[in-house]
Structure formats: C-alpha cells, structure tokens
Amino acid sequence: MSKARVSPLRSGFVHLALAGYTVIALFPVLLTILNSFKDRNAIFRTPLAPPTANTFSLVGYETVLKQGDFVGYFQNSLIVTVVSIFFVLLFGAMAAFALSEYRFKGNTMMGLYLAIGIMIPIRLGTVAILQGMVAAGLVNTLTALILVYTAQGLPLAIFILSEFMRTVSDDLKNAGRIDGLSEYAIFFRLVLPLVKPAMATVAVFTMIPIWNDLWFPLILAPGETTKTVTLGSQVFIGQFVTNWNAVLSALSLAIFPVLVLYVIFSRQLIRGITAGAVK
Amino acid sequence: MSSATMSEDSIQTLARPKRWHILVFLLPAFIIYSAVMILPLVETLRLSLFNTVDGQSTFVGLANFQVLFGEERWAADFWRALKNNFIFFAIHMLVQNPVGIALAAMLSIPKLRLATFYRTAIFLPTLLSFVIVGFIWKLILSPIWGITPFFMDLVGLKSFFAPWLGKPGSALIAVSLISVWQNIGIPMMLIYAALLNIPDEVIEAAECDGVTGWSQFWKIKLPLVLPAIGMVSILTFVGNFNAFDLIYTVQGALAGPDGSTDILGTLLYRTFFGFQLQLGDRSMGATIATVMFLIILAGVSLYLFGIQRRVRRYQF
C-alpha cells in the first residue's frame, strides 16, 4: 500500500481544480434542463435560476411532442441500436472464438484483416455504401443502418473478445470435448457464459457511437419514418431555432435517456474502459 | 501454447481434414464486414480514379486529384479544409490531451475523496451526441441569451465578449474548444487507467528515494504512461480527420461563417451529397474520401511503425 501523504493544502487545490472542471462539464447540461421547464420570459430574464412556481412551464415540451414525432424517432434509434448490438455481439463472439481457439491456415491474416476497421473509419466508404444501398433498394430503411453499424462495430468487438477468450481455460473446453459436446455447444454453453463481462463492455462501447451517429442517418435514412433521435432532434431544432422553449425541451428530451442509462451503467462502463482498453 | 497442444492439433487436422465449424464461426462476421465496410472502401478508392466523361464513367487516372489540388474551383476549398483540419487537430492535442492528463493525474491520487463522483461527472459530456453538444453551446455562446457575457462580467472581462461562433477569425477555435469539452473524457479515462496500472512498488521505491509530488509525476509516472498517451493521440488524430457531426450541427453544411470552419468531413459531405445549389459529385466525393483515407493511413502507420515500436513498454 502506498501511503497517501498529501498535505491538506495540496489536496485542497486538487479538490478545487477537480470541482471546477466538474462544474464546467455539468453546467451546460444542467442549464439546458433547468431552463426547459421555464417560461419564455424567465429563460431570458433569470437564466440561472431554477424554475419556480411562477416561472414553471411545460410549453416547450408540448410543442415538441405535438410537432415532432419523437416517440417514433426513439423507436427507430432503439431498434437500430439493439439489433446492431445483438449482431455485433453474436457474430463478433463467433469470429473471436474461431480466431482464438483454432489454429488454421491464414489465422493471423484473418485477424489482421478484421482489425483494419478498428483504425480506418467506415465513413470513408460512404460513397460506395450509398451506391450499394441504392442498388439493393435499402435506402430509407432501418436495415441499411443496422448493416452499417454491425460492420462498424465488429472489428473492435472481435479484438476485445478474442483477447478475453484466450483466457478461458483449455481444460474446461477439452473436458467438454471428451464429454462429446460439439464445437458449437462448447462455444454457446461453455465459453459464452464465461465472457459475459467482456460482452457487456463491448455492448456499451458499440452502443454510444451508434446512438449518437448523425452521418449515416443523414445519408442513408433521412426519411421521416426512419429518422433516428439524433437526426430527428437535429432537424427539429433546426426548424425551431427561434422558439427557445421548444429547442431547450427537445435537447432535454434527447439528453434524458443518455443520462438515465449513464446513471445505471456508469460503473460498468468505467470499469470496462479502465480494465480492457489500455494494454 | 505448449508443444503438446500443437501435436494434438495436428492430429486433429489429420483425423478431420475439414473443420467446417471454423468456417461457420467466421463466415457471418467476415461477410458483413467485407460487404459493408471493406468492399465499399475499395470501391471508393477505385471510384476516385474515374469520372463521368460524355455521360460515361471513364478511367481518368489521377486527373481527379489534379483537379482537387490544382484547379481553382476546388483547390481553394480543399486546401482551406485541410489547413482547418490540422488546426482542429492541433487544438485538440494542445488543450484536450494535457488537460485530460492533468485531470487523470489528480483523480489517481490514492484515497482521494469524491473521486468517483468527479470521474463520472467529467465523463458525461463524452456520451452526449454531437447534436446535443453543438446546440447547447450554440445557445450558451449566443449573445441573445447572454449567459457567456454574464459570466465574463462577473470576472470583469465583459468587454472581451464577442459572438465567437459568428466571426471567421474565432469560429474554428470556438468549435474546436467545444469538441475538446465534449471529448476530454477519453484521454482522461485512458490515462487514468494507465496510472492505476502502475504498481505500488514502483511508487514506493520512488518515495524511498525521496522522489515525491511533482518530480514523481514528471520523472516516474509520465514516462510510464507514454504508451497510453500515444494511443490517445492516434485516436484523436483519426477522430479529428473524419469529424463532421459537430461542425454540421453548429455551423451547418456550409461550415460558416464564410467557410472558416470547413474541415475535410464537411467538404466531403457537400461535395458528395450536394448542398443547396451545388450538385452532388460522386467522383470528386470519392476523391476527397481517398485523400482522407491516405491521411488517416499515414497517421496510423506512423503511429504503429514509428512511435509505438520506439516507446518502451514496461512489463510489470
């Protein structure tokens, strides 16, 4: 154990600095949420005050829910994110198992090939992706987004999961083989349950960029019925620039699910980053 | 792997020459990844060598690149976007990473109270989408709402306030700093993790030798987390050179005012997809994407073969 010999003065400065930055990080978010519950006058006259009985107003939320189809946008985002994560985890784990478990010709080459996508962003292929989606008749469908996000998430998922699968004991798998389990049963029944924590980490890492992406929804699925929350709020806020109540409420609505998820999963997420990301 | 498992493997190979399950495990990932990511990437690189001549797609060699780098209509936009992109990256490296390291260093002080709270709070902006972040800061920096002038008044700097996002001279710096605000959680967390991985014995040995406080940070801890700093830098590089969302949200597809915040991502979007009166141009879009690909490839190769190999890794 290293001894914490921090002088009170020094630890005071540290707390001052950290608390100061915490305010910088949280203030804009809190300001937006607080003001979304106030009427127009109060937003401008006392922007820093919390809503009181006099200034409380939900007019912004009423506008947003009446004018924009936010429920539909949420649904689209949810479908795209959940289905993509499912395929990334399933196909990623399968490929990671093949790469870490078996020796076969071209194993290393396959590993390298699948790792290209960790560093090279999928966006650079957009010109041809759009062309392909047009040819396949998938423009303005959620399927197009799911395909792109699955491909985008696979490289990192395979990389992280194969690192973890290497740590699963060989004895266990060989015992399974002696008992007559097929390779598929060994994967699904023995290995997958053991790498669950790694799967959770991968799920969180995969989820954030998908939920927040603006580029592909804008290019592949800009139609009203396929808009995701990110694109939906972008378009909606763009139309209501001068209606501050509506803008602040739309922003708060978009922040809210992220905030709830973060409060629930922050431990998992931070543990994932601090355990697996730096080697 | 011991030799025992190797011989066992070769016996298996002899007994069952076709191990179909390997194919079954690999195929789904391989097909989706190849079809949606690798082939389009290759096709985009190929398209950059073609252009439409008399309504027919024709091989034109490097002519598209000559147009992009040299022809008046394209070159000015391209070089400005490239320059802006490097400024965008430089601001991230100069502000985001040092502040991130400082925050990580403070958070990793043993037995610091409230550390979990600070860590969780500072990481929050990283999870928000560019759209949310862009609009929030647009409101806060807006002279109409007056939040920023109010705070500057408190510290007596009100006369320095200007609508930074609306001025060509300051817009790029303002947008870059917004992006720094959002992304600072990434360097903070990765370096924090690296600092936690330094074993106690190393720190104790340093303390026995009288190396504490600042000099301990500079002489012991910082050299030990250099690999993590290298990784953060390359992640920043790749992220910055394919950035688009934040600038599109804050300044629109034209990356105003007067194109002063235009970077390669927004240029690619306008060129390929078209905007207002400008028609989309597939070949030139592919050409710009190819240039971005080469820049990112150069950066990643430099990191993998130049920096990562040289930085000494310490095994604990």
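Sequential numbering from 1, following the chain as shown.
In case you wondered, yes, glycine gets a Cβ from its N, Cα and C as well.
Those TrEMBL annotations? Automatic predictions, nothing curated.
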- Item | Range annotated as transmembrane segment - as stated in TrEMBL, picked from B:50-71, B:160-181 | B:160-181
- Item | Recorded stretch, among B:20-42, B:160-181, B:284-305, maximising Cβ pairs under 8 Å relative to the transmembrane segment (B:86-109) | B:160-181
- Note on the structure: Given the transmembrane segment (B:121-140), its same-chain partners at Cβ distance under 8 Å and 6+ residues beyond its ends are 103, 147-148, 165, 178, 181-186, 188-189, 245-246, 249-250
